[in-house]
Amino acid sequence: MADVILGIQWGDEGKGKIVDNLASKFEYVVRYQGGNNAGHTIVVDGKTYTLHLLPSGILYKNCKNVLANGVVIDLGELDMEMNQFEESFDSKGDIAEKSPLVGRLFISNKAHIILPYHILLDNANEKNRTKAIGTTGKGIGPAYADKISRCGIQIGDLYRLESLRSKIKANLDSISSRLPNNNLNLDSIMAELSGFAARFKPFITDTTLLLWDAQKQGKKILLEGAQGSMLDIDHGTYPFVTSSTTSIAGALSGTGLNTSDIGEVIGVAKAYCTRVGNGEFPTELLENELGEKLQEKGHEFGATTGRPRRCGWLDLVALRHAVRLNGCTKLALMKIDVLDNFEYINACVKYRYHNEEIEYVPDDLDVDPIYKEFVGWAGSVRGIRKFDDLPPEAQNYINFIEDFVGCKIAYISTSPEREDLIAR
Ligand code: IMP
């Protein structure tokens, strides 16, 4: 069976820790959407690894890792990330087959490539918008736009050099008016891509067939989502979203698996809310000392861009919406320790929308929050590993969330450490 772990807020929920914690129990870990706009750092035996693209299973020797068809790949970035695990191997000099990652990493021949012009377009588009989205500037939107417009470049195209050249030439011609005075050069793009073609050859395969085969053999597969449901291209706060399907549907279209292959769907949420970039955020604590306290205690700065994250109270209306959207069977509640020593904690249970009280998520999310107030707890829950050892106020907060959204909170994280997790 394939279990799915996905974010159910605006991203940065702490999926990395849950995936990292569970990855050792799985034989395959699969990324199925997004690209190097995502990111987390994992510390193992004192060494820090930064992962933007590689699935977290890369840290476990027995785990096979897949970048499936729904992902968009910046090949230079992927090369750098792979180098962290290929210490004795020179990716420029040695033959690719010698990489220690061969047989542990599989890249879909259908995944799309982020090219230098996508990054230039991403930044130019942001400048031209009346209100910028606040993208990560990694070329994600333009790469997915080309995919949908049917002029994208797939990984498999790297091995059809003649047609690749003419496709890229056509793309460069068509964007020249949008990017005047650019220094994009067809020959240098082609030279770089043919280097990548040799570098990545041993890793490229039809990952749909690979996963079907793994499924048939009864292997345990973990599908690892990036970003969060409120950033979904269809169901998020459009246009302030990312350009992929971050909700459960993306796990199917992005891998080629179908509904009968899916086991658990584990939604990951923080005990409060954060958002990077622009767009509606009803529970934001704007220019507020409690918001600053959340930011500081939660180290709420983007792993990819370093930008400070906007912080606010937990939005239970949006959370319940995301649980329904994804069919979550279990939840993981992260960073409960960040709420230590708050005199009170708020959670949004309704919205005020055009002078009416509503209990659903309207399309523009231009609402004011209506809160339920909880008594906070004194002292720290950091490192607690049993639910019964949590202070009653924390138990009460967690039980309320569970009842409100109608889904079991199966994991509660009480610190950034891998092992500090309550499982129930
Ligand atoms: P893009 O994905 O770079 O196009 O950015 C679109 C929006 O998604 C922006 O608001 C980004 O801040 C947000 N975003 C993209 N990736 C992440 C992530 O991994 N965590 C949180 N927000 C993200």
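Numbering starts at 1 and runs along the chain as displayed.
Including glycine, each Cβ sits where the backbone N, Cα and C put it.
Owing to the predicted nature of the structure, the values given are computational and were not obtained by experimental measurement.
For reference, TrEMBL has these:
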{"type": "ACT_SITE", "residues": "D12", "note": "active site, proton acceptor"}
{"type": "ACT_SITE", "residues": "H40", "note": "active site, proton donor"}
{"type": "ACT_SITE", "residues": "K147", "note": "active site"}
{"type": "BINDING", "residues": "11-17, 39-41, R309, 335-337, 413-415", "note": "GTP binding site"}
{"type": "BINDING", "residues": "D12, G39", "note": "Mg(2+) binding site"}
{"type": "BINDING", "residues": "D12, E13, G14, K15, N37, A38, G39, H40, T136, R150, Q227, T242, R307", "note": "IMP binding site"}
{"type": "BINDING", "residues": "A303, T304, T305, G306, R307, P308, R309", "note": "substrate binding site"}
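Looking only at the binding-site residues G11, G14, G39, the densest Cβ neighbourhood within 10 Å occurs at G11. Ligand 1 lies under 6 Å from the Cβ of the following binding-site residues, listed in sequence order from K17, T136, A303, P308, T414: T136. Around the residue listed as 'active site, proton acceptor', the same-chain residues six or more apart in sequence whose CB sits under 8 Å from its CB are G228, K270, T274, V276, E300, G302, A303, R309, listed in sequence order. Those same-chain residues not listed among A303, T304, T305, G306, R307, P308, R309 yet with C-beta within 8 angstroms of the centroid of the substrate site C-beta atoms are V276, F301, G302. Checking Cα-Cα distances from T136 (IMP binding site) against the recorded positions (H40, K147, T304, T305, I336, T414) with a 10 Å cut-off leaves T304, T305, in sequence order. Of all the binding-site residues given, namely T41, Q227, T304, T305, T414, the one with the smallest number of surrounding CB atoms inside 10 A is T41.
Cα separation, G11 (GTP binding site) to Q227 (IMP binding site), rounded: 4 Å. Each residue contributes its Cα atom, and for T414 (GTP binding site) and the residue listed as 'active site, proton donor' those atoms are 18 Å apart. DSSP classifies the residue listed as 'active site, proton donor' as strand under the three-state reduction. Between the binding-site residues A303, I336, the minimum number of other C-beta atoms within 10 Å of a residue's C-beta occurs at A303. T304 (substrate binding site) sits 23 Å from I336 (GTP binding site), counting Cα to Cα. All protein chains included, P308 (substrate binding site) registers 14 other Cβ atoms within 10 Å of its own Cβ.
In this structure the C-alpha atoms belonging to T305 (substrate binding site) and N37 (IMP binding site) are separated by 9 Å. Proximity of G306 (substrate binding site) to non-local residues of its own chain (separation of 6 or more, Cβ distance below 8 Å) is seen for none.
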